[in-house]
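Novice: What follows is a structure written as structure tokens; I'll ask about it next.
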Amino acid sequence: MEQYHGTTIVSVRRGNQVALGGDGQVTLGNIVMKGTARKVRRIYNGKVLVGFAGSTADAFSLLDRFEAKLEKYQGNLTRAAVDLAKDWRSDRALRRLEAMLITADRDTTLVITGNGDVLDPEGGIAAIGSGGAYAQSAAKALAENTEMAPKDVVEKALTIAGELCIYTNTNFVIETLE
């Protein structure tokens, strides 16, 4: 069976602002199945941003579990992420899920992987997905050499990734927190 490919998710934090954005392309083999998928969401009463890459069904399953962990830990992003990663790593069914998440609240940005990793990215920039390396490189260059707002850095980084990665389009959803 062919694998779904695609997605670029990038987050930039500067000062008291954080932006998280993603493209809208879902690809099956060499066919674009959808160009307007929404892979970035606000959860926990709009206080937490989350973006996902990987298998869509797996990502939604993890998103539901992550929301439950946020409720359990009263919005403590780090505790919720670590608990989700522990479950993801130790549960046989969850271990098969193929997705990654970037989560952000007013204070913290974390990357959560299926390997049980919870990573606090250096420099306030994180990116995942097929175009993640392009977006992260562009975001890093822009953040270090301009005074652009995080939302603008995310938009430009996604644009560059969309120009270089065949699994990334230029239909973006970008959310911000201040």
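Counting begins at 1 with the first residue displayed.
Quick reminder: no glycine exception, Cβ is built from N, Cα and C everywhere.
Below, the features straight out of Swiss-Prot:
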ACT_SITE  T7  active site
BINDING   G162, C165, T168  Na(+) binding site
Novice: Expressed to the nearest Å, what is the distance separating the residue listed as 'active site' and G162 (Na(+) binding site) at their Cα atoms?
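Specialist: Roughly 9 Å, rounded to the nearest whole number.
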Novice: Once G162, C165, T168 are set aside, which residues in the chain still have Cβ within 8 Å of the Cβ centroid of the Na(+) site?
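Specialist: Neighbours found: T8, D23, Q25, S130, G131, Y134, A135, L158, A161, E163, L164, I166, Y167, N169, T170.
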Novice: Other Cβ atoms within 10 Å is the metric here; tell me which of the binding-site residues G162, C165, T168 scores highest.
Specialist: T168
Novice: How many other Cβ atoms are found within 10 Å of the Cβ atom of T7 (active site), counting all protein chains shown?
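Specialist: So the Cβ neighbour count for T7 (active site) comes to 31.
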Novice: Which of the three DSSP-derived classes (helix, strand, coil) applies to G162 (Na(+) binding site)?
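Specialist: G162 (Na(+) binding site) sits in a helix per DSSP.
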